[in-house]
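A.B. asks: Let me begin by handing over the structure; questions about it come next.
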Amino acid sequence: MKQSHFFAHLSRLKLINRWPLMRNVRTENVSEHSLQVAMVAHALAAIKNRKFGGNVNAERIALLAMYHDASEVLTGDLPTPVKYFNSQIAQEYKAIEKIAQQKLVDMVPEELRDIFAPLIDEHAYSDEEKSLVKQADALCAYLKCLEELAAGNNEFLLAKTRLEATLEARRSQEMDYFMEIFVPSFHLSLDEISQDSPL
């Protein structure tokens, strides 16, 4: 039986830091970001289903979000100002991402490939799935900005403003609900969010 390097590669997502051009109070890696995006994407899907008549598979959305940046283990996390410097660079980077996604899929044993390929290849996502994962991705980047700003790091002021515009462009009922119910707590200290806890 042939060995696969697939999970050994994915394990290295924890070595790739996000926001590489920014001074960070706390460094965030791609692995922990992916977990947070999965949790938020799952919540958005659940909110959509429960509150707004949606019919999406929240567990699949969480899985897609877990793998949404998997190709960065081969490409690295390119800083946003570089990635979107102009349309040509953005287009070329998308092509590089596609190649990296295919390379990861090719690492999976053939008998399992049909399970993992639709998780890694974003072209297999439905429009609704892609929208929910992108909303969650932007929300988590926004939450990172709030955390950095709360810690006194003004380096993230412009990023927060840019992400507010992104969130507005991707706005949905489920995102509005999440922003109203869950996001305000990110402005609070540990003591403040623990006041109601019996522990």
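Any Cβ shown, glycine's included, is placed from N, Cα and C.
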A.B. asks: Please pick, from Asp127, Asp137, Asp176, the residue that Swiss-Prot records in the Co(2+) site together with His33, His68, Asp69.
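C.D. replies: Swiss-Prot lists His33, His68, Asp69 binding Co(2+), and from Asp127, Asp137, Asp176 it also lists Asp137.
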A.B. asks: Can you tell me the mean pLDDT for the domain 'HD' (30-142)?
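C.D. replies: Taking every residue in the domain 'HD' (30-142) and averaging pLDDT yields 93.
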A.B. asks: For Asp69 (Co(2+) binding site), just count the other CB atoms lying within 10 A of its CB, please.
C.D. replies: 20
A.B. asks: For the recorded Co(2+) site formed by His33, His68, Asp69, Asp137, which further same-chain residues have Cβ atoms within 8 Å of the site's Cβ center?
C.D. replies: Val30, Ser34, Val37, Ala65, Val133, Cys140
A.B. asks: List the helix, strand and coil residue totals of the domain 'HD' (30-142) as derived from DSSP.
C.D. replies: 91 helix, 0 strand, 22 coil
A.B. asks: Fewest neighbouring Cβ atoms within 10 Å: which of the binding-site residues Arg18, His33, His68?
C.D. replies: Arg18
